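Pulled from Swiss-Prot:
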BINDING   GLY170, ASP171, ARG172, GLN173, THR174, GLY175, LYS176, THR177  ATP binding site
SITE      SER363  site 'Required for activity'
Amino acid sequence: MIRVRPNEVTRIIRQQVKKYRQELKIVNVGTVLQVGDGIARIYGLEKVMAGELVEFDEGTIGIALNLEADNVGAVLMGEATNLKEGASVKTTGKIAQIPVGRGFLGRVVDALARPIDGKGDIASFTTRLIESPAPGIVSRRSVHEPLQTGLIAIDAMIPIGRGQRELIIGDRQTGKTAVATDTILNQKGQGVICVYVAIGQKASSVSQIVTTLEKRGAMEYTIIVAENADSSATLQYLAPYTGAALAEYFMYNGKHTLVIYDDLSKQAQAYRQMSLLLRRPPGREAYPGDVFYLHSRLLERAAKLSDELGQGSMTALPIVETQAGDVSAYIPTNVISITDGQVFLSADIFNSGIRPAINVGISVSRVGSAAQIKAMKQVAGKLKLELAQFAELEAFSQFASDLDQATQNQLARGARLRELLKQPQASPLSVADQVATIYTGINGYLDDINLEDVRGFLIELREHINNEKPTFKEIINKTKTFTQEAELLLKFTIIDLKKNFKKRIK
């Protein structure tokens, strides 16, 4: 028979009483009234906040967007195939946030920063709100450093600065993504961290971009956020904010970042779908009334930070697709009014064989020469004017039968200047190469070379300077100025090379 020791029983009970902690947790619970098309209507969530995350009993997470008198409209993050009417929902007390950090470099993630490239989990010890407030006026300083794209047409005539927001706009299949990916490739060795956000793209297109960046060694400083065409509208809507949050981590740590949103038209369409399903009143083109705020709060997060905050920067290159070149549609006009300029890509120019197909007449940078080094300002000043005059003369010359010699010379010069702006995809040029190329065209050294030989001569010139005259590149990179020494060196190099080139052509 077991003997009961009262002292021991008392001691055990006392220990258990000491350990016991009474926790009273109040959970705000509701019931699903209706679910479908990525939207759930919930009854009973009386204390829910706007934008708060809610958790359904089968594990799906949603965001409470519509707070109405008798129900709450929530958008679902994911498929939620097992979610049914009558299921219980509880509030989490949290706003959507994601992990951020250096571990994301070289990875492909979704809108919730979960890896989708099959390379395992990402170690991260910091989180950021997906929707963070933009830096205030005092936190910023004016844009004054160039962000080189490697494309002559942009760096010379529509310069982009670190902290600027420059819209890339054009019809489908005019090379918008190519301009963006070339800009990423050109940041190699520049200390700029790039974030490419693919919204509603084909999975094959995103895969192609990843392959290009990996081949060129650009993935080591790039993060890709991808929500493909088959993703839910909620995740497509969140993807750009996730990209901005990932870039902000680096910006507030004193780094320079570049974010590409490809493209915001698809994000607006996803938001329109969500809003219509939530029964919000439609406005112009059936978009909701706050579609301007959708993009403004995203693009205002791009900034050049003040010295006190570490001088970091976030440059935004949003992409918007137009229909038949119509820039007066709702979304294009909204984004044009938010950004600091636009690069307009034309289908007609693209089809005429000029790539990148930038319409220099309509494109503009509101930062201007503040985002150029002195060397570029010195040579590129006349380029835009000469091209504008050429475009006018070219249109006029189609109607005129006999043109005087001066007009013919100007037309010949303009055709060669347009030729030097052509660049194959994925071959960005350094600043020194661009300065040499523009100087050659502006000063008439290409005038007596046949039009079809211009690109061949320029390629040869750039190779010759890089291999035989490294001093030129050193001067430009060190002083950022097109000095007299650099000009003389370049002039004699062009003259010598031209003689040999002409002999070979003959």
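For all residues, glycine too, the Cβ spot is worked out from N, Cα and C.
The structure, with features from Swiss-Prot marked on it.
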| residue | record | Cβ contacts under 8 Å, 6 or more apart |
| --- | --- | --- |
| GLY170 | ATP binding site | LYS176, GLU321, THR322, GLY325, PHE344, LEU345, SER346, ALA347, ALA357 |
| ASP171 | ATP binding site | GLU321, THR322, GLN323, ALA324, GLY325, LEU345, SER346, ALA347 |
| ARG172 | ATP binding site | GLU321 |
| GLN173 | ATP binding site | ALA347, PHE350 |
| THR174 | ATP binding site | LEU345, SER346, ALA347, PHE350, ALA357 |
| GLY175 | ATP binding site | LEU345, PHE350, ARG355, PRO356, ALA357, GLN425 |
| THR177 | ATP binding site | SER205, ILE209, ASP262, ILE319 |
| SER363 | site 'Required for activity' | MET157, ILE158, GLY341, GLN342, VAL343, PHE344 |
Cβ-centroid neighbourhood (8 Å) of the ATP site, GLY170, ASP171, ARG172, GLN173, THR174, GLY175, LYS176, THR177 excluded: GLU321, LEU345, ALA347, PHE350, ALA357
